[in-house]
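Chemist: Below is the structure I would like to discuss, written out as structure tokens.
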Amino acid sequence: MPGFRCGRVSSISSATRAPPPKNSGGGVAILSDDGATIFALSTAGLPSAIAIVRTSGPASRSALEALAGRVPEPRYAALMSLRDPADGTPIDRALILWLPGPASETGEDMVEYHLHGSRAVASKLLETLGKYDEMRPAEAGEFLRRAFLNGKMDLTAAEGLGDLLDAETESQRRHALAIAEGGLAARIAGWRERLLGAEARLEAVLNFSDEGDVGEGDESFALDAADDVHGEIMETLAAPPAERLRDGIRVALAGPPNAGKSTLFNALVAREAAIVSPVAGTTRDVIEAPVDIDGIAFVFSDTAGLRDSGEAIEEEGVRRARSVSERSDILFWMGETADAPKGDHIIILHPRADEPRRAAKPAEAALSVSATTGEGMAALRALLLERARSLLPREDQLALNQRQRLALREAADALAEARAGDWILLVEALRGARMALERLGGGGGVETMLDALFGRFCIGK
Ligand SMILES: Nc1nc2c(c(=O)[nH]1)N(C=O)[C@@H](CNc1ccc(C(=O)N[C@@H](CCC(=O)O)C(=O)O)cc1)CN2
Ligand SMILES: Nc1nc2c(ncn2[C@@H]2O[C@H](COP(=O)(O)OP(=O)(O)OP(=O)(O)O)[C@@H](O)[C@H]2O)c(=O)[nH]1
Ligand SMILES: [Mg+2]
């Protein structure tokens, strides 16, 4: 299967989720729309109760007429008997949606066949559709690609849909939906319009004034536009990036042997993921566990206790522990305050707090916790969530991916140049910024990028 999104059975439960799939990089090159009518099974993972086969393109209607004898009222579900037109053999009794273009998802004529969800029923219909000369199976992401080519959505909305299809946690879902529904596209459109207006007015001033007639200050409206758009772009860029949201907040537990790291780790991830024992040096490797807590994706890492053991395997474990600790977004330190690494991401804990022989909580420790009795665990989760939220985009902010941030930064950089130069440079700055925004939305000369994006989707999407 070319698209990694296809047929993935999410393993998310209340406490665990599968690690986010990485793009295999095996992007499928999709030809530009060749006018063919495409078809695909759009429900991944059979058998299921219902299988939906979709067609998109001009032959959608005639194929439906041939299979069902008639075309139902647009956008109303109709129960129809499907037959193979070649020999009249029945295929299935199915719910049919006739979705004529341009008011369809792809902008083309579409039909949805909601079949009984077995492999055999779906195969029979796909095979029958494949006999039409005008029809061919869809490539990965090709329905969405056609929607984009037909101006139904811009590139950022398509990216948002990709993230929505991947979403496993509530925060991922909400932020992806905002982008998929055009949250970023609308902002881009507003900025482009503002810049284009300023450009046009500048041109007019230049064209209708005699040489040397253009006075100081006549360009102030354009500088204002550049400043306004620059300010809004910088504000949009100030939101934390989408990557933490998608890949999960990385939380490491570190400290000396026997501190109770693995015990706390197991309590936080709500399963016995790591071995716990009274023997110092039990954990040797880094153990990772992805978890959904309160709708936020986390990846917890339990690590080897830090000490000089003089033993090769344990030394390697300690090296890995330090490396994971450095890369974490939040580090729970469970040892002496004096030994704690430094940094904003470090939270000192006072562990095994139920044990009477333990010293009192040091002043620097944020919390006393006992994973065994549960003491301090609710406060620890609250602290964790508060920190995590500060690292993620807020509800009212757009979560931008790297491509989107780079394009916005390019636009902002161009606008920052606007004040520096003369009129010619000002026009160029406005134009440069507008071009960066246009590319962000998927306009002009982005064919390879389109292949990379749409090739990541499922067949049938
Ligand atoms: N059965 C089914 N469910 C589905 C989808 C689908 O294609 N089929 N979708 C697939 O992703 C999602 C819904 N997305 C859709 C997006 C646009 C249109 C569409 O026809 N848009 C028209 C205007 C429709 C209207 O406003 O009434 C248009 O944009 O012109 C349909 C579905 C989720 N659920
Ligand atoms: N009473 C009490 N015992 C605890 C607590 N946490 C851990 N322990 C015990 O302390 C011992 C060490 O716990 P681990 O969780 O394995 O400690 P660790 O920090 O992972 O140790 P290493 O993997 O060796 O670095 C075990 O016997 C645990 O049962 C706690 O909160 N209270
Ligand atoms: Mg351990």
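Numbering starts at 1 and runs along the chain as it is shown here.
The backbone N, Cα and C atoms fix where each Cβ goes, glycine too.
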Chemist: Which residue of Glu112, Glu127, Glu181, Glu428 does TrEMBL report at the same (6S)-5-formyl-5,6,7,8-tetrahydrofolate site as Arg54, Lys152, Lys461?
Modeler: Glu112
Chemist: Starting from the K(+) binding annotation in TrEMBL that includes Ser277, Val279, Thr282, which of Asn258, Asn266 is the extra site residue?
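Modeler: Record source TrEMBL; matching candidate: Asn258.
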Chemist: Consider the binding-site residues Arg54, Glu112, Lys152, Thr282 and say which one has the Cα lying nearest the Cα of Asn258 (GTP binding site).
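Modeler: Considering only the listed binding-site residues, the nearest one is Thr282.
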Chemist: Rounded to the nearest Å, what's the C-alpha distance separating Ser262 (Mg(2+) binding site) and Lys152 ((6S)-5-formyl-5,6,7,8-tetrahydrofolate binding site)? Just drop the number here, would you?
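Modeler: So the Cα of Lys152 ((6S)-5-formyl-5,6,7,8-tetrahydrofolate binding site) lies 50 Å away from that of Ser262 (Mg(2+) binding site).
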Chemist: About how far apart, in whole Å, are the alpha carbons (Cα) of Lys152 ((6S)-5-formyl-5,6,7,8-tetrahydrofolate binding site) and Lys261 (GTP binding site)?
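Modeler: About 51 Å separates the two Cα atoms.
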Chemist: Please report the DSSP secondary structure of Lys261 (GTP binding site), reduced to three states.
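Modeler: Where Lys261 (GTP binding site) sits, the three-state DSSP reduction gives helix.
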Chemist: Measure from the CA atom of Ser277 (GTP binding site) to the CA atom of Arg54 ((6S)-5-formyl-5,6,7,8-tetrahydrofolate binding site) and give the result in Å, rounded to a whole number.
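Modeler: Approximately 55 Å lies between the Cα of Arg54 ((6S)-5-formyl-5,6,7,8-tetrahydrofolate binding site) and that of Ser277 (GTP binding site).
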Chemist: So which of the binding-site residues Glu112, Lys152, Val279, Lys461 sit close to ligand 3, that is, with a CB under 6 Å from an atom of it?
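Modeler: If the test is a Cβ under 6 Å from any atom of ligand 3, the answer is none.
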